[in-house]
Structures are given as structure tokens and as C-alpha cells.
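Working notes, beginning with the structure itself.
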Amino acid sequence: MSTGETLDPTAALGYASTRGYDQIVAHLLPYTKTAAAPNLVTLLERMVCRAAVLGYVKQVSLFIDYGADPNAAPDNITPLQHATRNGHTSLVHCLLSNGKVDVDSKTGTDTDKPILLAVRKGYEPVAQRLLAAHADLNCLTMDGSKRTPLYLAAEHGHKAIVHHLLAAEDPAHRVLDNQSSSGTSPLIIACMKEYSEIAKLLLDTDASVKLCDSNGHTALYHTLRPGSENLAMQILERVSSVDEIKDIGDIFLRAAYLGFITIIRRCLDAGALQDRALLTGYSDREAYGRKALHGAAFKGRYHIVRLLLSLGADVDPQDSMDLTPLALAAEAGEADIVELLLAYSADARLKTTEGETIVSRVAKVSEDSSRHASVVKMLLDAGTDPMRLTITRGMPYTGLRPWESSRLSRPSYGIPPLTLSLLEVAELLISAGADPLGLDIDGWLPTHLASQSGNIALLELLWERNPESLEARANDGRTIIHFGLPNPESIRWLLGHQADGNGRDNTGCTPLMTAAIEGLDDAVHNLLDSGCSASTVQETAKITALHFAGKSDGVHVGRALLKNNPEILSYKDAANLSALHLAICSRSTDFVVMLLDEFYSKADKTCLRDLSAVGSDDGETPLISAVRRGHEGVVRRLVMLGAETEYRDKRADSALLEAVSGSNVTLEMLRALLDPNVPNHAKFNAGGGARGKFNTALSAAAFGGYDDIARFLLELPDSKADPNIPAGHFANALSAAVRSQTYELVTPLLEADTNVNATDIQGRSAFHIAAHRGAWDTIPLSGELRSFLSILADEEMDWDIEIKDSHGWTPLHWACRHNNSLDIVEALVQCGADFKHVTEEGWSPENISATHGALNIFDYVEQNLMPVEVSSFEDSTRKTDSDGREKKSRHRRWKT
């Protein structure tokens, strides 16, 4: 620093202040006062707020002594608000001792008042100092929720602060019962948050118990939860009559559910007979329309049930699901309450509108057989029909084929109670007359569903009563083993009791087939170990269990089946597909790799014929199917194992043509098919058959616009693809590339000695196609065609710009048909095209442009054409034969 130059201490002051260097701050302040005189106040206000955030008491005092406003709010937050929000008790005390600090920080408009900030965080010492300074207890939070300091303290469970706030409250301006924007008072929020000690404090200060929140609920309602009966009674005792509490009906229901007998008695004892009827008949619309007796019965509140019944409560009220207290108590296994309700003449034969009986519902939920058995006995003794079907929501089973949908589950629909029961309950039902062979509406027996659920005890019971039930079939033809497939214990028990493991359902599927499609490994092993045949064929589709395993990618199931019977590897279905081919079509890659690596790699030549077997539907081989689905790893394995690479499917596509023209075009797929190390690799110049769209892979790549694929084929290391082989409807790969506008492929094709003048069966060359394509996308193509022509010139090719198709049309003739192809016409003319050439039918470029409305081109031709003798339009379209008769061209209409 040069002599006479002064140093601005402002930056140093800020650095020292932020790091709490109080002595340095005190030393720098006199210099700062001089150096920053014009902006000193602004600087000090900013510094005092920063120091307040950090709790630096000495610095705050220094800045105020040097002129900082203690109520300054440069960021709309005062030093007191900063200190309060961060819990700096000593600093709050220091600021309030100043005498000039506004305890309510009216200038701090971006956050709540200091008392609200302290209460929310639970800073009791800070709150005490603010209260001592007479902070405003009526202030509200800025978020629009209208919460007072007392409300916040109650909401956040700060009991000590609640006590201080209540002690400081002005009797003339009480906020004890102020309600927030949601209608909740401090007492209500304390009850909602389960702060019982705070609720008691508020009650002792005479907080109102009659206030309701926006949902119409009082503090008493929110108090009711397990373990809160004493507090609830304290609230209830604050009113002379329960009628003063607006939601007493909901409170009564909740108390019955929780078993608060003292609350129930207080509600019933305090009212007249009419009030009792209203309470016992009150129902909750949000809880299925249930009444107090429903809740008490379901939760096993015996004393409340007895009290309600003794006072004349309806014994059989039905909720929105048509369930009575008896039904709920029975489902819950509350035998004492069931007995009590039956003693008061509850109807055990009532059923829902959908046909469910009480006993059927009990049977469905009776996981604890001994607990529900006495309930079932009471219901049966009361006259319940043990055979009545239970009908619940859901669609009946429709018998889908196993490869279309899961067969192993369905909604309960038309099921007798016995079917749903455990052992002890089942014995009671049978003793009461339930038929062990009774069918549901789908023709399912109790044994079927016992097998499905793995209820071995019930299976034993039913088998002892009726051994023939093991042979019974459902309406879809399934045997009891079909039902038991999800449960290994059921399968083992059934097979041990000579159940038929090879029985077919109505679709012709055995249990082994169904287990295979579902991927049930344990079931497959159990069935195979018991002698079930892996070679059985589904009669319609001729599918084996191995085919089903392939569709579901069941690797472990497939191994088990082949270990049991290796011959099924080559079984073909009705479409001549092996399990391998079907798995490829199903994209079951893991299953396919397992077959190829573990079985076909060790198979004999006869078995390896599967790799080239042709499907009867689409004529595909496994290799073509794998290429079409993009299974590069599978393709490589098939080729290595000798799969036929040159076979054509019904579209005349080989595997290589499919790899180039399909939807999964990748270089890796081509490398797998063309691998020179494999003797039977694909032939890259092989044709596509009589019906083929493309004759070679190169022409398919050129037409598809796959520049990288075409270059790969042109640059093969051993021998290269021939670009001059006719490309389907095109003369060669060059014409195909021009047709697809893949102009970046032109140079590589020309370097590969492609015949630029080659024509197709209609006589069209690449020039004709390029000129004709101009009308499709003129703006980019005009430039591309110029490039195309310039490439030919640069390569010094022997190309013919006047080459004619089978009707004598040159590229110029084709370009003149489209008014927006003027640039292409100009390019052709520059390359030597002659306006004087006419077609075999006598059409000149001028005639063509005029006839097709290409006026811009017509004007261009007129300007560049020397006068010539041209026949009239009518004459130019006529020809005569050898006899002098007019000869009409079949192409005339198409050309014009």
C-alpha cells in the first residue's frame, strides 16, 4: 500500500465479527466509524443482525453503542427475533434490558413474533423473559392458521411454558379458548396430541369443553383412546348434561368400542329415557353405519353389551354390510357375548343381502378352531342351516386354459360353510348335518378347497367320512391334486392316499402340466417322485409339461422334467414347436440357455434336428425366431450347435435377412450369424427366395437406411458382400440406397464397383429413382441429389445421365413431373441431361411439366430450350400399329 493511502476496515470488521473475535471488533469499530461514515448506520444494522443470529452478546452491545438501531430489520427480521429463534437466552435478556427494544418486533414482518418463536421451539427461559417484558399473548402465527402462543405450547407439548402462559394471561383478554383456523382450541389440540398433563392444566383453568373443531368434534371425542378413561371422565364432569356436548353420539360409540364403561354409564344415567334411546340407536355413517352394540360386541366388551341390552337396545341392528352384533361377535370368537345376544333372542339365521350366513362367516375366519368351535355350536343349536351356501362378491371360476391364466385361486363364491372350516368346526358342521360331498355352485367339494388351502386335518376328516371324495372332480374337470398344487403338504398327503396324479381337467392338462406353467417346483418334484408321467401330452395343442415350463421360463422345473425323461426334449406340439422353440417365442431366455448349454450341447444328431425344425404356423426355425426377438446370445449358441442358417420362412426371410430388416438390427447379431469360425455360418450373398422383398442382406440394409450395417457387410475381412446382386424390386444395392435416401452409402457402394447404370425390370436406374424421389422431400433431396451426381463425377464413373427406363423415360423426364423439383432439374441439366429427348410415347420434358402443372419447371424449360419440332399433345399420346390402327398405351393414364 502506497504512502498516504487509507485502508477500509469494513471487510476486516465483518470477518472478525463472523468469527466471534470481540476484541478485534471493538478495536476496529472506531476506524470503521470514520471510514464508513456515510453508510455507517446501514453497516451497523446489518452487523447487529448477523451477531444476533450467532448469539454474540458483546458484539450486539457494541454495535448498538455505536449507533445501531436495536429494532433494525434489514432483512425484515429484528435482532430480537434472530436471538429468540436460535435460543440465545443471554442475548434476549441483553436486548430486552436495553429499554428501546420492541418486545413484539413489529418491524420484523418476515417471521412470527418473538414469543411465538420461543414457544414453538420450547425455549422456556427465553419465553419467561419475553413474558416478563409483557409480550403480546394475543398475537397469531403468520401462516394463516391463527395459532396463539398458548396454542403452540399445547400443540408441541411444552407443559412448563403452558403453565407460564396461563399465569401471565390477562383476565380481561383471555386467549384460553381461542380457536385456530381449523376450529381447534388449545384443549382440543392437547387432547389430539395425547398431552394429558397439559389438558389437565387447561381444564383446571376452566378451558371450555364444549367447543368443536371443523369436523364437529369436541376435546372429549379426541381424548377417547386406550388408557385415557380418567381424563375423559374429568372432561365429562365439566358439563351438567351430556346434551351440552354436540358430538355425544360419536363419543358414545367410541366409548363402547374402547370398553369405557364409566363413560357409557355417565351418558346413560344423566339422560332421560328418550335420550338413552337416541344414544343406543345412534350409528356412525363413516364406520359402516354401526351402533354402540356393534362395537362393543365385536371388541368383546361384555359388560357394555349387557348394559345396552338391559336398557332396551335393539339386539339385531344391521350395519351397511347387513352384519348384526351377533355376526361380529361370532366372527371375533366372543363366545360369552354370542351366548348373551342369543339369550336376548338375537337371530342366528339372519344373512346378508348377498346370502352370507353368520356360521359361514365364522367358518371362513376360524383360524383358531377351538376358540370359534363353541360359537359355531351355539349358532347351530340356534337353528342355523349348516348347508346354506355363502355367496360373496366376485365372479365364478370360468375354467381358463392353464397357459392363459392362473388356475390356483378364485374369490369365494357359492361355498358351503364346511368348505371353509378347520377341523373342530368342521366336525360340528358334519354332526349338525352338513354333507361332506356337498357341492358349491362351481361343483367344488370341501375336499377341493381343503386341498387348496393345505388344510390337512380337514382332508383327513373328510377322507375318513367319504374316501371317494378324493376322486371327485370340479365342474372344470380338475382333480383334488390340481387344487392342492400350491401346497406341498397337500400333494404329499394326497399322493400317499392314492389320489390320481395323472388325471386331466377339461382342457386336457394334468396336475404336472399345471404345476409347470405355475412354476411350482416342489409340486413338480412330488408328482415326478410319485410316478406321474412327464411325457403325457395335452391332447389339443399336443403340449407337454416341458413346453409349459418353457413358456413360464421355469428353469428348475425344466431340469426336473428332463432328468425324469430326457426324451421329451424333442417332443413337438401341434405347431411342430419343440419346448426350445416355444420358449424362444415366449422370450424365456434363461430356460432356452439352460436347454442349449445343458442338454442340446450333449445331444446326438437326431436331437439336434430340433434346432432347425420348422414351425407350421409361420415357417420359422428356432434361429429365425431368436433373431426376430433380439436374443443375440441364443442366436450365437444355435449357430455354434449347427442350426440351419439358410432356411427361409413363409416371408422368404432367412435368419440373416431378418437380422437386417427386422426390428432388432444390431451389428452383434450379424457377427453371430456371420462368424467365419463356425462352419454353417450364414451366407451374406444368399438370395431371399422367390417371394423375397430383398435378395441379399446388403440390399436390405441399404433399403432400410442402416448405413453401419451396409458398411459392415461391404468390409467383411474374408470376402465382401456383392452390391450388384438385384435388390428385390431394385436393380442393385445402390438403387435401394437412393430409394431410402441413404446417400452416405453411395461412395462405399461405388468403391465396391457397383454398376451405376444397372436397371431393374422396369428399366429404372439409380438416377430415375433419385429424380422421382425428389418430389417426396424436395428441399433436402435436391441438395443430396447434387451430391449424388457430384460423387459420380468425382469417381469418374462411366454413368449415363440419359439412361432410359422401359418406356423411354430419362431421369429428367421423371424430375419434370413435380413443380418443386426445379433444383433437381437444374442439377440434371448441369450434368448433361437434354431437354430434347422424348419418351417412347412422344413426351418431352416440356410436355410433362405442362401436363403435371409444374409451371416453374415449364418456364425453365422454355427459357433453355431451342425451338424444336414437337408433335401436338394429342398426337404425342398416340401410336399406331403395323395396320395403321391407333395403339393405346396401358401406362398412359399412370404417367399423366
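Positions of Cβ are set from backbone N, Cα and C atoms, glycine also.
Curation does not apply to TrEMBL; its annotations are automatic.
Averaged over the repeat 'ANK' (75-99), the predicted model reaches a pLDDT of 95. The repeat 'ANK' feature in TrEMBL is assigned to 75-99 (among others).
The helix, strand and coil residue counts that DSSP assigns across the repeat 'ANK' (182-214) are 16 helix, 0 strand, 17 coil. Residues annotated as repeat 'ANK' in TrEMBL: 182-214 (among others).
Look at TrEMBL and you will find 288-320 (among others) tagged as repeat 'ANK'. Same-chain residues lying 6 or more positions outside the repeat 'ANK' (288-320) and placing a CB less than 8 Å from one of its CB atoms are 252-254, 256-259, 261, 264-265, 268, 276-277, 279-282, 326, 328-329, 331-332, 334, 336-337, 340-341, 344-347, 350.
Beyond the ends of the repeat 'ANK' (321-353), by six or more residues, the same chain brings 288, 293-294, 296-300, 302, 305-306, 309, 315, 359, 361-362, 365-366, 368, 371-372, 374-375, 378-379, 382-385, 388 to within a C-beta distance below 8 angstroms of the stretch. The repeat 'ANK' annotation in TrEMBL covers 321-353 (among others).
Mapped onto DSSP helix, strand and coil, the repeat 'ANK' (507-539) counts 17 helix, 0 strand, 16 coil. Annotated repeat 'ANK' per TrEMBL: 507-539 (among others), in sequence order.
What TrEMBL records for 618-650 (among others) is repeat 'ANK'.
What TrEMBL lists as repeat 'ANK' is 807-840 (among others).
Positions annotated as region 'Disordered' by TrEMBL: 872-896.
As annotated by TrEMBL, compositional bias 'Basic and acidic residues' applies to 875-886.
The compositional bias 'Basic residues' feature in TrEMBL is assigned to 887-896.
Secondary structure of the repeat 'ANK' (807-840) per DSSP (helix as H, G, I; strand as E, B; remaining residues coil): 17 helix, 0 strand, 17 coil.
The helix, strand and coil residue counts that DSSP assigns across the repeat 'ANK' (321-353) are 16 helix, 1 strand, 16 coil.
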